[in-house]
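Engineer: From TrEMBL, for reference:
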- 520-532: compositional bias 'Basic and acidic residues' (COMPBIAS)
- 606-812: domain 'Metallo-beta-lactamase' (DOMAIN)
- 520-546: region 'Disordered' (REGION)
- 45-64: transmembrane segment (TRANSMEM)
- 266-288: transmembrane segment (TRANSMEM)
- 294-317: transmembrane segment (TRANSMEM)
- 338-356: transmembrane segment (TRANSMEM)
- 362-383: transmembrane segment (TRANSMEM)
- 395-416: transmembrane segment (TRANSMEM)
- 428-448: transmembrane segment (TRANSMEM)
- 455-474: transmembrane segment (TRANSMEM)
- 486-509: transmembrane segment (TRANSMEM)
- 571-588: transmembrane segment (TRANSMEM)
Amino acid sequence: MLGRRPLIWFTVCWVLGGSLAASLTGGGAALSGAALLAAMAGLALLRRASWPLAVACIAAYWIAAGQRMWVDSHNVTALTDLRNDGSAAFEAELRGTIVAPAEIDGDQVRFRVAADAVKLVGEHGSRQLNGERMQVQVKLAAQAELAEVSAWRRGSKVVLSGELSAPAAATNFGGFDYRRYLRSQRIHWQFGAEGAAAVRTSAGSRWTAASMLGFVDAARAALGERMDRLYPDLQSGYMKGLVLGITDDLDPTVYRQFAQLGLTHILAISGLHVAVFLYALGGLLRLARLTRERMLLLLIAAVPLYVLLAGASPSVVRAGIMAMLGLAAARLHKLGDGLHLLAAAALAMLAADPYMLGNVGFQLSFLVTAGLILGAAPVRGCLPAGRHRLTKALLDLLAVTAVAQAVSLPLTIYYFNAIHLLSIPANLVLVPFISFIVMPLGGASLLLASLWQPAGALLAQAAVLGNKLTFAFVNELSGRMSFRLIWATPPIWWVVSIYAALGLGFAMLGRIRNDRRAAEAADQDGDSRNLEDTDLTQPIGRESRGTMIPQGIPFIRIGMASPRRKRQTRNFLTCSAIGLTLLLWWAYHPDFRDRHAYADFIDVGQGDAILIRTPGGKHLLIDGGGAMRFGGKESWRERKDPFEVGRKLLVPLLQQRGVHRIDLLVVSHLDSDHIKGLQAVLETIPVKGVLWNGTMKASGDALTLLRKALNADIPLYRSMPGLIWQPDAHSTIELLGGASEGNHIAQVEEQNGQSVALILQFYNRRFLFAGDADVQQEQLLVEQHRRIANASRMIAAAADANPFVDVMKLSHHGSKTSTSEAWLAYWQPKRAVISVGRTNSYGHPSQDVLSRLTAAKVPVSRTDTDGEVQFRVSPDGSLARRNKIPGF
């Protein structure tokens with residue numbers, strides 16, 4: 001059974017060894033290897049696999065596992081003592097070679113350096129680094145310095161003066177871990193410099209790999225500049241990504257819209273681009289009347305050059321290796337099947353760099369390609385044959401699109417936590433349109449412009465029209481938020497189970513296809529025979545009784561499939577469908593039986609963002625963080641895609657946690673550090689209602705937020721003291737303060753004293769939130785609560801004589817203008833949480849406030865030192881807490 005595809009099984013075991021060595025301890029990887037050993041020995045004894053293949057598969061597992069462990073053990077910095085030092089950063093001078101192209105983004109320039117030595121301020125000698133890579137970031141001081149960046153080429157020697165620091169680790173559960181990402185790139189330090197004067201470059205050796213790649217960078221830049229002259233601003237970045245794989249100038253909004261519809265694969269240089277390139281080059285070589293063998297050699301030699309020119313992303317490297325292997329096999333008249341070429345490409349890339357296995361692009365490229373090889377033909381075989389050429393082409397496209405979407409779905413859910421139901425129609429329309437019309441027009445316009453500019457410009461105008469149609473179509477579909485489904489990040493076993501169910505489904509569809517074709521062949525030969533009710537199959541070669549059967553269908557039954565075989569196929573296909581349905585349902589509702597309550601104090605820097613999940617599964621979001629901006633930047637300093645806490649941090653975290661809908665969005669007040677991130681939330685996640693303080697503020701962020709809510713027909717509720725809302729049987733929200741009486745919406749510029757204040761109660765555990773309330777509002781809230789408690793038996797019974805709270809979110813990030821002694825004495829919190837940014841310029845939290853908390857014997861959790869702080873309330877009333885950064 002396994003002997004027909006030895007290379008594939010060898011590669012599978014190689015991937016298994018590398019994966020388990022990366023995710024398990026050494027003991028766990030050894031146990032898994034022992035299990036594989038037993039399994040392969042069993043298959044060999046049962047004659048399902050040959051002994052040489054069994055030994056090869058076991059060897060592949062251990063070689064890959066050993067390679068990964070060895071690479072991990074050697075992936076360390078030479079500056080280990082500095083990593084153990086408590087200091088955050090070190091003034092230093094760095095010497096090395098630029099090994100990655102400089103990327104300009106506003107006033108920031110980033111590149112990578114293979115460091116030879118570093119000299120710390122205060123130390124006499126330099127520390128030798130022997131080529132250790134570092135991430136460098138330079139902040140330009142003036143616009144004129146942009147001209148100097150062109151000299152910072154790959155391969156150049158460089159001396160930098162600045163600050164050496166460790167990359168930031170994730171501070172939220174499930175958040176992006178920049179330190180871990182750089183480690184996968186074998187980078188352990190980042191180096192920051194101020195101004196181009198801190199960077200001194202000189203020419204390096206012309207014949208190093210970095211210098212030669214610098215010439216490739218220059219060629220790509222020259223082609224990109226030519227594309228800029230052919231296309232308008234918005235479209236030039238898109239066409240550079242589509243034709244050249246240069247995505248630096250791609251409009252962020254366009255990219256996000258493509259991503260929402262699952263269309264980013266169009267922007268990745270892959271097999272289709274390589275095929276078009278080889279087809280065009282082959283046509284030119286045929287004009288030169290070269291022999292077949294010489295033409296194939298030239299095509300093989302051209303592939304690496306194209307891969308480098310296209311940016312050498314995992315998808316184009318995979319396609320390039322497969323193309324070279326296929327061309328070599330064709331020259332030797334030994335063409336293999338696609339799976340063997342794919343396996344060989346994967347093996348080559350993983351042997352060169354085992355960390356490639358964790359690359360999302362690598363995973364998607366290989367899995368989707370394998371899925372198309374295995375699944376497209378079976379799915380197409382179950383569709384109508386089609387009488388006309390156009391009908392057949394559309395059905396072929398439908399099969400390919402459906403299989404590609406199905407195979408990419410598990411990884412899309414795992415990594416990106418959202419899918420769009422209009423993705424399939426979008427791919428059906430745009431993939432052929434862009435691949436066979438726009439992309440060839442773009443490549444041809446670039447080529448002709450190199451020879452005669454007017455001819456290139458003429459073709460570019462046709463591509464511009466096509467791009468306008470594309471952008472309008474994508475904008476229309478991506479804006480339909482009701483078709484967008486959000487999924488919590490599933491466990492790995494779920495991803496494996498989904499692929500197993502898909503594989504079973506493809507296998508059964510392939511069996512149905514083979515049986516149908518065998519029956520049709522037998523009918524045509526007049527040789528339909530009734531077979532016994534057995535599972536025997538007869539191998540078919542290239543020819544069978546005058547009927548041509550494609551080679552690669554290894555076993556096809558002659559005549560009609562037996563009833564038993566049909567029944568078995570139907571049962572397996574039903575099991576696959578049921579399994580997929582149950583797995584998808586569970587992934588969409590992973591917490592349907594969870595009756596705990598959760599309060600997550602998300603680290604958004606200097607701001608507030610608290611996600612609440614009630615025992616009944618309702619979601620509340622209190623504020624959304626955001627940066628305060630004072631004055632405007634010069635236009636040249638603006639980033640192409642500036643960091644925005646809502647879009648880059650908050651929304652991804654909400655999606656990872658499976659927040660399909662926010663039942664109540666609480667806007668404590670209208671200051672930017674509490675609401676700016678909520679704009680992205682309203683654009684991405686359905687919101688059922690907004691509770692705010694009933695005032696208005698003349699700021700762009702406040703007006704934009706309220707306008708977005710009104711445009712989306714989201715109800716706005718004014719916070720009124722004394723109101724109580726019960727989201728479910730075990731949860732209560734009691735409003736303490738907010739809007740003034742009456743229906744008038746006042747404009748208030750100083751918002752802190754108008755904050756929405758409320759108490760959340762789950763299973764008799766109480767959480768107090770008061771926004772940025774100052775001492776005056778705190779006093780007013782206490783008086784109002786006492787008055788309402790005396791007037792309402794229900795609240796009085798709930799509050800008892802001592803209205804304590806279990807967790808208090810400190811107002812205004814621990815500012816000295818809040819959290820008075822009287823406030824603490826009234827609520828008697830058992831723990832306080834401060835949402836505050838690291839090294840903020842306001843001095844938060846105030847030492848006076850910390851002293852009051854210490855005097856009141858209230859333990860403190862802080863997002864700047866603890867990272868995200870999560871609380872969980874169990875049905876029995878017990879309260880658990882965990883911090884992202886351990887130690888407190």
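Using the three backbone atoms N, Cα and C, a Cβ is placed for every residue, glycine included.
Remember, TrEMBL labels are computer predictions, not curated facts.
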Engineer: Do any residues of this chain, six or more beyond the ends of the transmembrane segment (486-509), have a C-beta under 8 angstroms from a C-beta of it, and if so which?
Structural biologist: 23, 174, 367, 371, 374-375, 378-379, 381-382, 406-407, 409-411, 413-414, 417-419, 569, 572-573, 575-577, 579-580, 583-584, 586-588, 590-591, 654-660, 685
Engineer: If you count Cβ pairs under 8 Å, which stretch among 45-64, 338-356, 428-448, 455-474, 571-588 touches the transmembrane segment (362-383) the most?
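Structural biologist: If we count Cβ pairs closer than 8 Å to the transmembrane segment (362-383), 338-356 scores highest.
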Engineer: Look over the recorded stretches 45-64, 338-356, 428-448, 455-474, 571-588 and say which has the most C-beta pairs under 8 A to the transmembrane segment (266-288).
Structural biologist: 428-448
Engineer: Please indicate, using numbers and ranges, the residues of the same chain that are 6 or more beyond the transmembrane segment (428-448) and have a C-beta under 8 Å from a C-beta there.
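Structural biologist: 223, 226-227, 230, 239, 242-243, 263, 266, 272-273, 276, 280, 397-398, 401, 455-457, 459-460, 462-463, 466-467, 470, 473-474.
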